[in-house]
Amino acid sequence: MKCAAVEVKKFRYRRLVSWMREREKRGAKTDRLAESLCYGRVRRMCDKSKCSCKKKANQAPSSVQRKLEEEYGKFATTPSDSLLKKYLTREVFDKLKTRKTRYGSSLLDVIQSGLKNPDSGIGAYAADPEAYTTFAALFDPIIEDYHEGFKPTDVHPPSNWGDASKLPSLDPEGKYVISTRVRCARSLENYPFNPTMSREQYLEIQDKISGALKSLDGDLKGEYYPLEGMDKETQQRLIDDHFLFKEGDRFLQDARACEFWPTGRGIFYNGNKTLLAWCNEEDHLRLISMQKGGDLSAVYARLIEALGKLERQQLRFARHERLGYLTFCPTNLGTTIRASVHVRLPKLAADPQELKRVAGIYNLQVRGTRGEHSETEGGVYDVSNKRRMGLTEHEALLEMGNGIVELIRREETL
């Protein structure tokens, strides 16, 4: 929104400059100091602290603010164990409700899923890279709570992938670990996240990512398949094999992470399906290394190699000087690494308190067989590292690996 007063002053300034140029052509002396001072006055006319039009330009629309008030009123009286409920106090809400980022994202874009789903674990998503700064009064305590005390004054360390061969052997006899996967998430620089993306931006990101994936060679070489146009049978087969993502659950749908579905979405996989890439699922890019069994070192090394080759294709990723790599969900910030196994733990399944105790010691997240918000099937769990911030990639893998080894040891002693 432009300030009318400033536009008038600029118009007068342009007329003055034109008059001065005409005087120069006729040989008259131009007073450069007067010209400079004149423009200085124009620039000062729209004082950021006083100009109402600038304030309005940086505020969420009044209709959004009214919607926020209405929804927050309902949410305040609804029981919920989410981190959104815990930290979105009335004071924080009043501080943030008028704000918006330069991408146009408001507090409503950030919390809409948590408002509609009181059973959420977190309840807040970043609608764009600036959301973590603009709405820091909400995100900082959520991040500190989830990421084991990562305080607003803490700084995520530089990337250090370490030596893959130094990771522990999870299950040498192959009795417990069914499969192992390590994935990382990346967001492209200068693009918003799902709720604020246009159809054209989904397609632009797909073009950039699919183009970079073509550079992978050797055992990493594969093909990219757009989800748009893929037949239903192929889609379901890939989903059942845990290769392909499906349209988001109600939590992601209500966060508007599924806009324009399936436009701009797709999957890449290599010849033996040990390297996958998801485009525009929850984040712009998710790169996944996986294979049967418990060879964590091999899986991790493959991911390092693939990501390094993509970075050499000039893909520039969004990284915050304090938070590390930026993602749609605050649980994935920092390293963005999620290292997981499908592991058989039938005895621990019968002793959930012991399972929870060991998982807590090693900062592990235990999910059902088919991932978040699913049940366990036959004592098979999806177990992964929970901590992604305040430690390096290699440290995250070591913590997860040692935790899996301990879970298997406890399973054998029961």
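Placement of Cβ uses the backbone N, Cα and C atoms for every residue, glycine included.
Automatic, uncurated: that is what TrEMBL annotation is.
Averaged across the domain 'Phosphagen kinase N-terminal' (63-148), pLDDT for the predicted model comes to 97. Under the heading domain 'Phosphagen kinase N-terminal', TrEMBL lists 63-148.
Residues or ranges marked as domain 'Phosphagen kinase C-terminal' by TrEMBL: 176-414.
Applying an 8 A CB threshold to same-chain residues 6+ apart, the list for S340 (ATP binding site) reads T180, R181, V182, D382, V383, S384, N385, M400. Look at TrEMBL and you will find 179-183, H242, R286, 338-342, 367-372 tagged as ATP binding site.
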Using Cβ-Cβ distances, find the residues under 8 Å from S179 (ATP binding site) that belong to the same chain and are at least 6 apart in sequence, listing them in sequence order. H242, M290, Q291, K292, G293, V341, H342
Helix, strand or coil for R367 (ATP binding site)? Use DSSP. strand
